Each structure stands twice: as C-alpha cells, then as structure tokens.
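Take a look at the structure set out below.
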Amino acid sequence: AFPKGVAIFFKEIQDFFGTSYSEIAWVSSIMLATTYGAGPISSILVNRYGSRPVVILGGLLCGIGMVSAAFCTSILQLYICVGFITGFGLALNLQPSVIIIGKYFLKRRPIANGLAMAGSPVMLCTLAPLNQFLFDNFGWRGSFLILGAILLNCCVAGALFRPIGAATASVKTQVAEEGKDALKEEVTKDAMEMSSPRNITMETKTEEEGGKGCCEKVNQYLDFSLFKHRGFLIYLIGNVLMFLGFFAPIVFLAPYAKHIGIDEYSAAFLLSILAIVDMIARPTTGIIANSKWVRPRIQYFFSFSIAFNGACHLLCPLASGYTGLVVYSIFFGLAFGMVCAMLFETLMDLVGAARFTSAVGLVTIAECCTILLGPPIGGTLIDTFGDYKYMFIKCGAVMVLAGTFLFIMNYYNYHALAKEEKERKAKEEDPKSVRTENEGRNNWNKETAQEGPELEPLREEREGLKKEVNGT
C-alpha cells in the first residue's frame, strides 16, 4: 500500500521542485519496480540467512530511505532515496512475508495467504487519510520523517518471524543427534553397495563441486531449472502479460472521476470503497480457494479472476455518473482482491514449497518490467486521445487475454500431468519391469559380495554405528 499512499504528497513536491507531473510520477513507478525487480536478491538472502534477518534489514532500509528523502534537494535524490532505497527495503519485506506462509501452512494455506494479503487494503484505507493529516500539520518533509519512523516497525514484525526447526532445546538437540546417527548408518549402507571405482568417481565429483563458478553458486540459491518447468512457464507468461493492465486503473481511477466532473473528496472516496471491498474479498477468496471443490483446480479459479478483472475495466467507460463509478469500484475491488489473494498461492501450487522461494524471485524480476511500463503506457493513451476510456479498454483487453491464455494452458497442463501420472503408475504395476529391476539388483549384490575383503572396514564401521544407535 505504501507506494500508492505516497502519491498524496506529489502535488506539493511538484510545486517545490518545479517539476512536471510525469517526472514526479516516476517516484512511485521506480519504487514499485524496485520492489518487484529486487525479488531474486531477496530470495537469495532468504535462502541463505532465513526470513527474520532479511525482514529486519528491509525495515532498516525503508526507514533510512524515507528519513533521507526528507533532506533531498532535487527530484533525482528523491528517485534514489524513495524509489531505490525504500523500494529495495520493501522488496526485502515482501518476499520473506510470502515465503514464510508456505513454511508454516499446508492444509489451510490458501486461507492464510488470503488473510495475510488483506493487510494491503487495510493499510490503503488508513494510509491515505493519515498522510493527508501529516501533510496538513508537518509538510512533506516532516511527513517523510514520521513515515520513516513508522516503517521501522517492519523490524519489529521481522523479529516475530520465528524460524521453524531451530534446535534450541536439549530435546531437539538430542533428536537432531539421533537423526544424524541414523543418516550415518544409511550412508554406510549405501557405501557397502558401491564398488571402489564408484567411490573414485564420487571423489572426483566432490573436487569439481569445490571449484564451482559464480553462476553455479547463484543457481544454488535461485533454481534456474524452473525455466524447464511447464507449469511455471505458463504462470510466468500469463502474469507478465497481466501486469501490463493490473495497476494502471488504480492510478487513474480518481483522475478519471475528476475528469468527468466529480469533486475531489468524492473521487478519493472511490479508492476507499475499492479498498474496503478488497479487504473483504481477499480472505473470502482464500476460504473459497481452500475448499475441496476449488483447490484441486485452483489454477482455473485464478484464470477466471484475471478475466473477471479485465471485464470490469472493459465495462468502466459505460459508467458515466458517480453511481456508475461506485458500482465499478465495488466490482473492481472484488476482482482485484481475488487476484491478489491467489497470486502467490497458485505459484506455490505449481512448483511446491521447496522451490517456491526461487520461483518468487524469478517471477518478480520478470514482472517488474511490465509493472514499470503499465501506468506510463496508460498515460500515453490518455495524452494521445484526450480520453480515459482507451486506457481502461487497453487494460481490460490485456487482462482478458491473460486470463484466457492461463485458462487454456492450465487445461493443457492438467491433462498432461494426468497422462504422465497414468504412465508412471502403469510402469510401476508392470510385473515385467519390476522383475527386471529385481534381477538387476540381485546381480549387483552378487558383484559386491565378491569384493568382500575390500569393503571389510566399512562393514565394521556399520556394525559400530548400529551398536551406538541401539545404545542411544
């Protein structure tokens, strides 16, 4: 909600620095693009250090960025402080907050995602009037100082991100030690089944891994093999297309209302209506998505939400008066909340919790380009034709296209997965293949038995480990 709320101060900052509206609008655009574009860096840090320290660092950067912005003397300095520093801090808050939900929840994860995502519209309802109050009393510089202090509360939130599986108690330590012993025994058994040439190959492989290049080290934290994942690619293409028309209608809703002769306070109230409906829609969507009827085919529900969002924008130009815009805001808030509630849940459904951290990072950097370009393209259409309806039609058409694409491709993906699962089960149930596999295993055991004297030390070590485990 923060990049949208900062727009309250733009008119005063524009007059202070003597800049155009397009120049000042880049502050929010840069902040949003940095928030999404820094996704891979955030994902790497989360994989390396965990969610808690990354969120605390993000809160510090947000506070530093906004406090520094209070002392800026040019628009370029605002781009750096508010756009890049604060935007990067927000990126370090966004990724871990989404990732940690997947670590804590499985059975009711869609509900948890819906409730967590409801924080954005709640803050959007309160941040706009708060910013107006701060501006009236302290000006934009004083307001930036106070907002920087408020954003430092992200550090408090980060401190409450309790890592799972921290072996702090003595019982947990004992369990970990027992698990380690059991793992040793399993490794020893595996070694018993291997001949000595195989061991030489493993040693060579270890030496090669020791000399990993920079790209391979990055791949350790960002799983680039996801680009071979069919479901991930479908999701990525659909979302990149969707974001061309996702944020622009929110940015231009209040100006459009003023353009058709509605007063400023009534125009601002349209955003409040949208946020209130959005607030209710997100957790409700989570509950629906978690039901036994929807969750197995949640990708279809997500595709419908995007297409529904686009249909609202296509019908917006028909709303000539204030009542029509109120109806549009209600449906837009509902559609917007549905998409936001399932945006990350559907990605986790496709790639699984283990690869989700890398997936979020790769998706957000791909999305940041269309997030950055969406509102300026809409503004160009307004400047060119002198009418807002072409902007709404463009956004609606793009989102309907994205929803249709996702629906068709997910239908193909579900059928392909079902076919692959059927072939796998048929292969497992085939007695011939099972018999061949057993014969191969028996032959391998005979070969290793002939090399018994060479593996005698390993046998003794295994016996020792067994006795140690039994004693524990």
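One is the number of the first residue shown, and numbering goes on along the chain from there.
Even glycines carry a Cβ here, placed using N, Cα and C.
Lifted from TrEMBL, the feature list:
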COMPBIAS  422-440  compositional bias 'Basic and acidic residues'
COMPBIAS  456-472  compositional bias 'Basic and acidic residues'
DOMAIN    1-414  domain 'Major facilitator superfamily (MFS) profile'
REGION    422-472  region 'Disordered'
TRANSMEM  24-46  transmembrane segment
TRANSMEM  53-71  transmembrane segment
TRANSMEM  77-99  transmembrane segment
TRANSMEM  111-130  transmembrane segment
TRANSMEM  142-161  transmembrane segment
TRANSMEM  232-253  transmembrane segment
TRANSMEM  265-281  transmembrane segment
TRANSMEM  301-320  transmembrane segment
TRANSMEM  326-344  transmembrane segment
TRANSMEM  356-378  transmembrane segment
TRANSMEM  390-412  transmembrane segment
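Highest Cβ pair count under 8 Å relative to the transmembrane segment (232-253), across stretches 24-46, 265-281, 390-412: 390-412. Taking Cβ pairs closer than 8 Å, the transmembrane segment (265-281) reaches residues 118, 120-122, 124-125, 128, 250, 253-255, 257-258, 322, 325-326, 329-330, 332-334, 336-338, 340-341 in its own chain, all 6 or more past its ends. Outside the transmembrane segment (142-161), and at least 6 residues removed from its termini, the chain residues within Cβ reach (under 8 Å) are 2, 9, 51-56, 58-60, 62-67, 69-70, 86, 89, 93, 96, 100, 131, 134-135. Beyond its flanks by at least six residues, the transmembrane segment (53-71) meets 42, 45-46, 77-78, 81-82, 84-93, 95-97, 141-142, 144-145, 147-149, 151-159, 161 of its own chain at Cβ-Cβ distances under 8 Å.
Ranked by Cβ pairs under 8 Å to the transmembrane segment (111-130), the stretches 77-99, 301-320, 326-344, 356-378, 390-412 are led by 326-344.
At the 8 Å Cβ threshold, with sequence separation of at least 6, the transmembrane segment (24-46) comes into contact with the transmembrane segment (356-378) through 3 or more pairs.
Per-residue pLDDT, averaged across the domain 'Major facilitator superfamily (MFS) profile' (1-414), gives 80. Long-range neighbours of the transmembrane segment (390-412) within the same chain, counting only residues 6 or more positions beyond its ends whose Cβ lies under 8 Å from a Cβ of the stretch, are 231, 234-235, 237-239, 241-242, 244-246, 248-249, 252, 256, 299-300, 302-317, 374, 377-379, 381-382, 384.
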